[in-house]
Amino acid sequence: MRSSLPYSVKDVHYDNAKFRQRSYFKVMTQNLLTGSRKRDYLSCSTGKFLVLLLIFGLAYLLLTSTTPGDFVPNRLDKVSENNQKGEFKSNGGINFRNLWRKPPRLPPRLPPDEKGSNTSYHIDPNTLISESLWISRQQKVKDAFIHAWSGYKRYAMGHDELMPLSQQGTDGLGGLGATVVDALDTAMIMGASDIVSEAGSWVEKHLLDRIKEKGQVNLFETTIRVLGGLLSAYHLRAGEYGKTFENEGPTPAAYLETAKNLADRLLSAFTSSPTAIPLCDVVLRDSSAHAAPGGLSSTSEVSTLQLEFNYLSTISGDPKYSIAAMKVLEHMKSLPKLEGLVPIYISPDSGQFSGETIRLGSRGDSYYEYLLKVWLQKGARENHNLTYLHDMYEEAMKGVKHLLVRKSVPNGLVFVGELPYGSSEAISPKMDHLVCFLPGTLALGATKGISKEEAMKKSLLSFEDLENLNLAEDLAKTCFEMYEVTATGLAPEIVYFHTEEYSEGGHDGGNKNAKYIDDIIIKPPDRHNLLRPETVESLFVLYRITGDPKYRAWGWQIFEAFERHTKVNTGGYTSLDDVTTVPPRRRDKMETFFLGETLKYLYLLFGDNSTIPLDKYVFNTEAHPLPIETNIQK
């Protein structure tokens, strides 16, 4: 919690002084001396006579009226005590002074009511709670993580994911035990020693053999989840968290060697491609690679590998990983774009974008995220060779605001739509939950990870930065309302928005009391919830940057909804088929990112800002924190 409210007691004292009563004598004499008709009255004998009569009358009232009790509202509690009904009381007699003017206005309340502004500090009573309560709520998130791990360990240890309802494991990500690696740094950050020991020991005993024996894996998913998880675990184990877990799991070197072995095999996706754009699938056991059916790669997938490969080069001393990954972004710099926006497919054969579909949801999202984060990782302003990344990011955000940002009707929610056929046809008011990464990215891009307050003091924010920060707050509200409108309190995978051009009835979220129920459309195929992290990710970043407690309150509300509707008593959490009905239909799947991202961001949201500070770390798109290079101890 902030140490002081945004509207302080000092401000109230100042406002009280503005509203304090002046004496009637000062009022009358000031009006007399400054009035526009002063010269007219004093220029004739009648006017002079009336002025003298007025002076004698006032003197008479002073001598004959009873002295009233003092009323100086120096504190709000004195106003309440002496004037509960808005009446002015005297010690006796008639207080003639009250006949000469209206009662003064009451000073502003503390805090002021600023409802209706997405960027204001509207303080809900539920957020005015002690830091100790947030610590207890953080502990509840840790308990949820332990419960999720307990189900995975009991029924699916070594498999990629848990099916909590049927109590078995599944290997949809190549069979590398993705949940183990995804959850490892979360356990370290939470201080869950038993899980650190169990997960670390499994990695040490089994993962290297799995990497050597397994077949096809997806380059992107394996990089962000497994390689990213290993590298984050290496850093935390070797650095600030090392002493805590020196007796749990392997040494840092074991994590690094496993990461290098995996990355060496993943490099075949780059070396097998005729262009700088890597192929999307890798066969690990023979280090070969091939394109996806149809030959195209996802734009977001090929441009969301650089944080991980860059950091591996830094700590291993071998530049080959970074060189291969950075060639992708260098190549994309030269490709034609629509106001900085790019299609969601790209061809490894030609190196060109394919199709016209532009969106910040699936297959497009993390391209924009990594433009900013790679620039930050490499030292931002200190690395002039990568200025082009920040330029591409800024151009893209201008394109988003110009081409994709719209408002819903009737209540004006700000959303980011799609261009299914490029600029040749109208925007679609469709927004994936995946787009909810954008508020956090916009806020991070505005302040570069420091608080807004600090950035303002140092005059580091441009007009563009402030505009992006305001958009971030507006979009975060929209993302939260995607949860608020449903019967379960959990967001669907995709929503549409009512606009002046687009309307479709009969598909609301089920919460009839929600303010924005008429703005948001949830179609039957899109009503599932996969335990995704994007909204709580942005709430975490915005709370760190703005200090606004509403983001914590929203995060807690979302966490409680997960607890109510997705928790499985025998262990683990499950995805949902339909968030618009209660009880919801359940899917039999606990995604790895629920442990790796969703619960991690909630835990950090409720904790101290000094844990994984945003000006010293960048989170990869799977929430694995990697250090900014200027902060790496060499």
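Glycine is no exception: its Cβ is also placed from the backbone N, Cα and C atoms.
Record features (TrEMBL):
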- Glu221: active site, proton donor (ACT_SITE)
- Asp365: active site (ACT_SITE)
- Glu493: active site, proton donor (ACT_SITE)
- Glu534: active site (ACT_SITE)
- Thr621: Ca(2+) binding site (BINDING)
- 41-63: transmembrane segment (TRANSMEM)
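Looking only at the recorded positions Asp365, Glu493, Glu534, Thr621, the one with its C-alpha closest to Glu221 (active site, proton donor) is Thr621.
For the pair the residue listed as 'Ca(2+) binding site' and Glu493 (active site, proton donor), the C-alpha distance works out to 18 angstrom.
You'll find the Cα of Glu534 (active site) roughly 11 Å from the Cα of Asp365 (active site). Around the Cβ of Asp365 (active site), the number of neighbouring Cβ atoms within 10 Å comes to 24. Neighbour density for Glu221 (active site, proton donor): within 10 A of its CB lie 19 other CB atoms from the protein chains shown. The most densely surrounded of the active-site residues Glu493, Glu534, judged by C-beta neighbours within 10 angstroms, is Glu534. The two recorded residues Glu493 (active site, proton donor) and Asp365 (active site) have their Cα atoms spaced 14 Å from each other. Counting every protein chain shown, the number of other Cβ atoms lying within 10 Å of the Cβ of Thr621 (Ca(2+) binding site) is 26.
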